[in-house]
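Novice: Pulled the feature table from Swiss-Prot, pasting it below:
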type	residues	note
ACT_SITE	Lys65	active site, proton acceptor
BINDING	Ser14, Arg15, Ser16, Thr61, Asn86, Asp102, Tyr215	shikimate binding site
BINDING	Glu77, Gly126, Val127, Gly128, Gly129, Ala130, Asn149, Arg150, Thr151, Phe152, Pro153, Arg154, Met213, Gly237	NADP(+) binding site
Amino acid sequence: MDTFAVFGNPINHSRSPRIHALFVAETGITHPYGRVLAPLDGFEQTLRQFFDAGGLGANITLPFKERAFSLCDQLTERGALAGAVNTIKKQPDGSLLGDNTDGIGLVSDLQRLDLLRQDSRVLLVGVGGAARGVVLPLLAYGCKVVLTNRTFPRAQKLVGFYHHVGDISALPLERLGTPDYDLIINATSTGVQGSIPPLPASLITSSVCCYDMYYQQGDTPFITWCRRQGSLRCADGLGMLVGQAASSFLLWHGVLPSVLPVLETLRAELSA
């Protein structure tokens, strides 16, 4: 059986098994890694069965990161602060350790792309599991973060978790309109449905950078929209995916694989 796997719904699109196969090729570490389509009403049971059957590590993707948090026996500091986990490790005593590597994956990719400064004004769209993992690293980097979401009380609640850490606030979608941001990050799952979050076009100018945590072959719907509004610097989340995967591999095996060669390989495969 695969002793490592990514759990999500949907999951067939995931490039995580390919990423980890490339990590294995680099490191020589045995690491059988697969995909698991977890039912929306049976994620917890599916994950427990995986570990009971000999699973050693799991990655968690949408829409289960917050639910996975509650299944862990211990949490790393960043996992606890995020309130959501994307990585789980089975400990020698059988307990489950939860971590969140999304933030380090995002910040390292934004640094690689030169899209982030310590004083960047960041609009983070969405407050689900994907967003929860990146708020703290952005604040720790020195960014001013504004949250927005279809359900505004959820954004306000998340601000309450982090107001003591850095400069963070929330605005309802209907109050967005002026280009007050250096970077707009789409942390919603709208790309999976081929749609975009309901943002006003007036947010985008040529100087506003746009980043979509989602990725696909070619531009995502969000990036296509941002380019049409005039943004000159856009990127998808493939680099974030590889970065968080490398940190997951480190948690499981104590070895940090290279990110850039894997990213270049995946980008070439997606462009073929």
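Placed from the backbone N, Cα and C atoms, the Cβ positions cover glycine too.
As the structure is a computational prediction, the values presented were derived from the model and not from experiment.
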Novice: Can you grab the distance from Val127 (NADP(+) binding site) over to the residue listed as 'active site, proton acceptor'? Cα atoms, rounded to a whole Å.
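Specialist: The residue listed as 'active site, proton acceptor' has its Cα 12 Å from the Cα of Val127 (NADP(+) binding site).
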Novice: For the binding-site residues Glu77, Asp102, which one has its C-beta crowded by the most other C-beta atoms within 10 angstroms?
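Specialist: By the 10 Å Cβ neighbour count, Asp102 comes out on top.
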Novice: Hey, for the shikimate site built from Ser14, Arg15, Ser16, Thr61, Asn86, Asp102, Tyr215, who else sits with CB inside 8 A of the CB center?
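Specialist: What remains near the Cβ centre is Val6, Gly8, Asn59, Leu241, Gln244, Ala245.
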Novice: Which of the binding-site residues Glu77, Gly129, Asn149, Pro153, Met213 has its Cα nearest to the Cα of Arg15 (shikimate binding site)?
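Specialist: Sorting the binding-site residues by distance from Arg15 (shikimate binding site), the top entry is Met213.
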Novice: Does anything in the same chain, at least 6 positions from Tyr215 (shikimate binding site), have a Cβ under 8 Å from its Cβ, and if so what?
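Specialist: Once residues fewer than 6 apart are set aside, Tyr215 (shikimate binding site) is near Arg15, Asp236, Gly237, Leu238, Leu241, Leu270.
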Novice: How long is the line from the C-alpha of Pro153 (NADP(+) binding site) to the C-alpha of Ser16 (shikimate binding site), rounded to the nearest angstrom?
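Specialist: So the alpha carbons of Pro153 (NADP(+) binding site) and Ser16 (shikimate binding site) sit roughly 33 Å from each other.
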Novice: By a simple count of other Cβ atoms within 10 Å, which of Ser14, Ser16, Asn86, Thr151, the binding-site residues in the record, is least packed?
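Specialist: Comparing Cβ neighbour counts within 10 Å for the binding-site residues Ser14, Ser16, Asn86, Thr151 gives Thr151.
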Novice: For Ser14 (shikimate binding site) and Thr151 (NADP(+) binding site), determine the Cα separation and express it in whole Å.
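Specialist: Computed Cα spacing between Ser14 (shikimate binding site) and Thr151 (NADP(+) binding site) is 27 Å.
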